[in-house]
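Quick look at what TrEMBL lists:
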type: REGION; residues: 1-23; note: region 'Disordered'
type: COMPBIAS; residues: 10-22; note: compositional bias 'Polar residues'
type: TRANSMEM; residues: 45-65; note: transmembrane segment
type: TRANSMEM; residues: 224-244; note: transmembrane segment
type: DOMAIN; residues: 305-534; note: domain 'Methyl-accepting transducer'
Amino acid sequence: MTGEVEDTARTGNFADNTSCPANKSRYREVTPMQLFQRMTVFQRIMSAFAVVLAMTCGMGGFALFELGRVGDAARDIKDNWMPSVRHSLEMKSHLNAYRTSELQHVLSASDEEFRRYEALMGKQLDAFRDAEKTFASLLATEAERLTYREMTALMAQYLAVHDKLLALSRGGDRQGAVAMLRGESFQVRSQLEASIDQAVKLNVTGSEASGKHVEQVFASARNLMIGALLTMAVLVVALALVLARGLVRQLGGEPAYAAQVAGEVAAGNLALEVVLKPGDTSSMLHAMNRMRLTLADIVHHIKASSEAVATASGQIAQGNVDLSQRTEEQASALEQTAASIEELAVTVRQNADNAGHADKLAQSASSLAEKGGQVVGNVVSTMGDISKRSGRIVDIIGVIEGIAFQTNILALNAAVEAARAGEQGRGFAVVAGEVRTLAQRSAAAAKEIKELIEGSVSKVQEGSTLVDNAGQTMHEIVEAVRQVSQLVADISAASTEQTSGIEQVNAAVTQIDDVTQQNAALVEEAAAAATALDEQSRSLLSSVAVFKLSDGRAASRSGEAFGFRHGGVPALA
């Protein structure tokens, strides 16, 4: 029911939940007392303190409110009425001093005295004005304002008469001045004093009214506080009674008796009869009685189950001993297998290292062969350049032979012309003969050089052909070395994979060996645990012997609720 109320308050769907008459009746069934009874002890105590705190805060708030009213009235007296009375009396005092200075002025006979009393009257008039200004700022009622206007008008009239009075006094008309003091000036001054006295009376009356108001507020607050205290006392007593009765009903009895029952159960006395009130089905004592009965059933089944556990633990211990022996034999065989695989792994690892070394040597040879091929290629290129340049020299020598031939013909023609010239051309003929001789010798030398160059070109071509053949052979050697290097690399990779596989097998066998060793250790621990379990079951039997059970009581279904079945063995899911 409270869950429905909380859901309704949380979702705000009051119309949907209360539209059905049945729902309305269900809500009407929940009373504040029922809600209070459904609370926990902590919630009840906190609720009671919350109520007391709320009432205390309410009473404190009310007291503060009333004290505020009293404070307002007191401040009104202090800040308004009393200062108005004081300033009114100050105005009256300054007015009397002013009047006295007027009299002294009328009685004066020299200008110095006139000036002294006029200066004194100026100061007194300024003080009167200051008091009047402060009094005007404190006016609070219409009557005060009317009195103040009347007072200012009379003061203005009095000052006008005062000026006339001073004129007569300064003019030496003392009798006229005295007559004015006794006549018009006296009348105006009397009216002004009466107005000031009226202002004092109004403020005194207001102050007395505020004092009476303070007394009334205090009396009202006192009476209300007394009533609130009495009401609060009644509510607190009623709340305490409800809380105490609820706690006693929830306990099922006195706390001392509940503590005694708990102490007997803690001491192992499960045969204790718990005294319950008629109709008590939900108290703590009723729950403790149910706990006692359930504990009695559990202890009864624990006694039977402990004996069965002791027998089973002995059998488990014997089986663990046999299993431990077989596990040790298996661990020994695995150790031998692991040693053999370790030797094989060492051999394969050595083969892999040798293959790797051979791979490095083959790679080095391949690199050297490739460098040799590059050198032979460079030689072939150089021989080609030499062949080309030799051909160029042959061409140049051919040009030289042509020049020598032309020179020979020119020399021959010069000799013919010299012969025709006769005696005059004899010297020229000699020169032409020498030139022809030189041309013939140049042609012969060029012919010999040409023959030698042609022979060199032929040899260079033969050498270039041989170098080409050597370069082709080196290329084939490099390719063969590269293939050998690839084969050695494949062998090395295969050896590495074999080494990795054997190492994995070795690691697996080692792991199996470790697991077998751990299993052997666990079997030994299980054997020790089984022995300890047998000892614990016997200790458990001696421990449950402490509990006192009623004679001849059979096991109830509450024992089965805790997982025990007939036969004394725990029921396993």
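Cβ from N, Cα, C; glycine included.
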Model confidence over the domain 'Methyl-accepting transducer' (305-534), averaged pLDDT: 75
Cβ contacts under 8 Å made by the transmembrane segment (45-65) with residues that lie 6+ beyond its boundaries: 36, 39, 221, 224-225, 228-229, 232, 235-236, 239-240, 243
Residue numbers, six or more beyond the limits of the transmembrane segment (224-244), whose CB comes under 8 Å of its CB atoms: 33, 36, 44-45, 48, 51-52, 55-56, 58-59, 62-63, 66
